[in-house]
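Just below is one structure, and these are the notes that go with it.
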Amino acid sequence: MKMSREQYAELFGPTTGDKVRLGDTDLWIEVEKDFTNYGEEMIFGGGKTIRDGMGQNGRITGKDGALDLVITNAVILDYTGIVKADIGVKDGRIVGVGKSGNPDIMDGVDPYMIIGAGTEVISGEGKIVTAGGVDTHIHFICPQQMEVALSSGVTTLLGGGTGPATGSKATTCTSGAWYMSRMLEAAEEFPINVGFLGKGNASDKAPLIEQVEAGAIGLKLHEDWGSTPSAIKACMEAADEADIQVAIHTDTINEAGFLENTLDAIGDRVIHTYHIEGAGGGHAPDIMKLASYANILPSSTTPTIPYTVNTMDEHLDMMMVCHHLDSKVPEDVAFSHSRIRAATIAAEDILHDIGAISMTSSDSQAMGRVGEVIIRTWQVADKMKKQRGALSGENGNDNVRAKRYIAKYTINPAVTHGLSHEVGSVEKGKLADLVLWDPVFFGVKPELVLKGGMIARAQMGDPNASIPTPEPVFMRQMYASYGKANRNTSITFMSQAGIANGVPEKLGLEKMISPVRNIRKLSKLDMKLNDAMPNIQVDPKTYQVFADGEELACQPVSYVPLGQRYFLF
């Protein structure tokens, strides 16, 4: 039997060589491989193939290995590739990406992907599946952020804070062992993975180690607490001892030292640099040069990406609010103006496109928007395609660019903070934190968000309707968000020292606990598809940015995709 590509795509979703548009962007991904055996596709429904004795094995039990969940015929967009496959989930983890079904009557079925009577089905035909996002720059200012992040497709939040305290509104620190304990307790209620950063600003290691032993997954150095060379050195030494990450927001006004002094204090040790673009803070005007170094893992945040005609005006007022500044004080106004530089903000987009900035993150409620990491990442990708054209290695599709950009908010932040053994990609063995998208809504509004293999958020219609689809349809909480289900579908990340110190037992934590690990030997070469290290220079007078001698300049845009048309109602 033969059918046209169009007919096949309508029935079973795209196959090898077919292209899918991402939302209303100009980005098109092409399926590189299809794991399906043509004619043996797994489809659920009346008269379809997942029935007893057909695609569903009638003998296998859950104990024998039958899947708990199969997502059928999905296009998977991951840093590892763009493929069409079934995804098998067992005990909340991905056990296979390939061909599911009944090996009694089918060839090529993955032995770990057998469908049985105990298997639930999510139809992925015509859908895109991505890994849940990992946001590494969270100010934990209000718990409602969790709902917004999860609804956007982000399933892991890392950062610091204790609520709308003045310190937390400005810095991503959960300061001290007592607050660390209380935030770990609060995290029990959230159907999302979390990890908390302690305050790293101390010239002695003792108060830093105390926070790590209380469960902090890392330490945050912030200029508002004094990112001095002595504090940096002590923090780096504590991190080396505990195998944790350090995130740094450097000294904007160069009060305790210049960029070179910070580099000397860091040495050759790995560190995650927030706000590599400088608008969110950091050595003015040349913080961007840090993206040249092998031990620097750079990220930037949603406020400045992509560069638009409104970016500059928006930032000055945001700066005043977020960093407890006063518009009546000339020095505070000068402080704000020193950060907001059009030339460096423009260069940020290009550095993302060449893979020199490795990660994107939100800076939630502290200049950034927690629900827009994914949207803005893809807006940058679209802007760069329109302004810079295809990337090397692309032939009629945008696969190289798509894989580079999705890595920025999935695998790379997971690697940076020692979580990649659990989350960050659609790979065997990882927690089934998966996001299903209708291609027309890609990047904006997920259809389903799975946590640990269970649906936590979904586009759902009127609960009193006779079917699930009548209006109003919007993102609603699902069963993984209720009761004790979230304890078995979400992870609280913790330092190895905190786990060894018995923190989960002392606090009576019921959520899954996982240690961060394998951090201190990382380098930028570990940043998937985003490991470029050009020689970056910034003109101190004009703020022009150069990479390997080439000026990085682009124009602001007045229109972005994935924007207003999706939020009319």
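Including glycine, each Cβ sits where the backbone N, Cα and C put it.
Taken verbatim from Swiss-Prot:
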ACT_SITE  H323  active site, proton donor
BINDING   H137, H139, K220, D363  Ni(2+) 1 binding site
BINDING   K220, H249, H275  Ni(2+) 2 binding site
BINDING   H222  substrate binding site
DOMAIN    132-569  domain 'Urease'
MOD_RES   K220  N6-carboxylysine
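Feature map: Swiss-Prot annotations on the structure.
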residue : record                 : CB count, 10 Å
H137    : Ni(2+) 1 binding site  : 33
H139    : Ni(2+) 1 binding site  : 27
K220    : Ni(2+) 1 binding site  : 29
H222    : substrate binding site : 25
H249    : Ni(2+) 2 binding site  : 24
H275    : Ni(2+) 2 binding site  : 28
D363    : Ni(2+) 1 binding site  : 29
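If you measure from the Cα atom of K220 (Ni(2+) 1 binding site) to that of H249 (Ni(2+) 2 binding site), you get 8 Å. Under the DSSP three-state reduction, H137 (Ni(2+) 1 binding site) is assigned to strand. In this structure the alpha carbons, written CA, of H249 (Ni(2+) 2 binding site) and H222 (substrate binding site) are 5 Å apart. In the three-state DSSP reading, H249 (Ni(2+) 2 binding site) counts as strand. Listed in sequence order, the binding-site residues from H139, H222, D363 having a Cα within 10 Å of the Cα of H275 (Ni(2+) 2 binding site) are D363.
On the 0 to 100 pLDDT scale, the model's mean across the domain 'Urease' (132-569) is 95. The residue listed as 'substrate binding site' and H139 (Ni(2+) 1 binding site) are 12 Å apart (CA-CA, integer value). Report note: the Ni(2+) 2 site is defined by K220, H249, H275, and the residues of the same chain whose CB lies within 8 Å of the CB centroid of those residues, excluding them, are H137, T171, T172, L221, H222, E223, A247, I248, T250, T273, Y274, G280, G281, G282. Straight-line distance linking the Cα atoms of H222 (substrate binding site) and H137 (Ni(2+) 1 binding site), rounded to a whole number, equals 12 Å. Residues T136, I138, G159, G160, T171, T172, A247, H249, Y274, T301, S361, S362, S364, A366, G368 surround the recorded Ni(2+) 1 site, their Cβ atoms falling within 8 Å of the Cβ centroid of H137, H139, K220, D363, which are themselves excluded.
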